[in-house]
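Colleague: Got a structure for you, written out below as structure tokens; questions coming shortly.
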Amino acid sequence: RAAEELAAATRAREDARRAQELQKAAQRRAREAEAAREARAAEAKTKTVLLVGLAGAGKTTALHQLKLGEVVTHHVLEVVELTGWNFTACDLGHPFNDLLRHNNVGDVRGLVFVVDSTDADRLQQARDELHRLCKDKRLREAVLLVFANKQDVPTALYPRELEEKLGLNGRKFFGRPWHVQACCATNGDGLCEGLEWLQREEAARRRAAEEKARLEAEQRALEEEHARERRELAEKQRALAAEHAAEKKALAAKKAEAEARAREVEAEARR
């Protein structure tokens, strides 16, 4: 009877533990589903691209050329939505922290750096600003597109020359893919090609991040499953050990009872 009661208690504990694990698994799936919904909602929102460069590099002209097909020559700080991308354009003379805060710039997907290819005197300044931006942790997920502007001018540096002047080398620049696109903001040459590259790279980077997250989630699930199996095995081993101890105790009790009965019979026989 003691062994049966112990086995029943062990089964009850096992059932309660399994029910608790099922509840936790359901809660985990609910959290994952909510996270997936939030990720889809975030993905559906307009993507942010920061369009920056020194004053006079051609940022606003390029922006309006892409949006409207018309030339704008005066300075302006502007936010424009273009084909699902939110372009925030400004001169690098503006305080960068103010730019990010006042324009509610969050997860920047792309960094477009416009360079005046004819302005050799300010290339070192442009290089310093580019390196400063790419070191900023808030822009670590942004792919880098450099527009080598004013290529219609005979004295303009070629993209290869600009790469060297700006310190761009290797496949990654501060951990991000990069590309220098020759362009002319006044007539639009090269602008669409540059944005197409930006969109392809951003999509590839996003897919790689999603695949990494998926693999990590699968690994966590596998580790949790292995941990659960180890817990179940340990629980079964403890239950078997308890049952074995109970059986041993019951056998010892029966043996003692039998011996006591034998002594009683022997005592009665002597009488």
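Note that Cβ sites are derived from N, Cα and C of the backbone, with glycine treated the same way.
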Colleague: Of the residue ranges 1-29, 117-145, which one carries the region 'Disordered' annotation in TrEMBL?
Modeller: 1-29
Colleague: Of the ranges 52-106, 217-271, which one does TrEMBL flag as region 'Disordered'?
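Modeller: Per TrEMBL, the stretch marked region 'Disordered' is 217-271.
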Colleague: Looking only at Cβ atoms, how many others are within 10 Å of the one on Gly53 (GTP binding site)?
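Modeller: There are 25 of them.
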Colleague: Rank the binding-site residues Thr60, Asn149, Gln151 by the number of other Cβ atoms within 10 Å of each Cβ and report the first-ranked residue.
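Modeller: That would be Asn149, with the most Cβ atoms nearby.
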Colleague: Taking the binding-site residues one at a time (Ala55, Ala57), which has its Cβ surrounded by the most other Cβ atoms within 10 Å?
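Modeller: Answer by Cβ density within 10 Å: Ala57.
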Colleague: Tell me whether Ala57 (GTP binding site) sits in a helix, a strand or coil according to DSSP.
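Modeller: SS state of Ala57 (GTP binding site) = coil.
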Colleague: Using DSSP reduced to three states, classify Asn149 (GTP binding site) as helix, strand or coil.
Modeller: strand
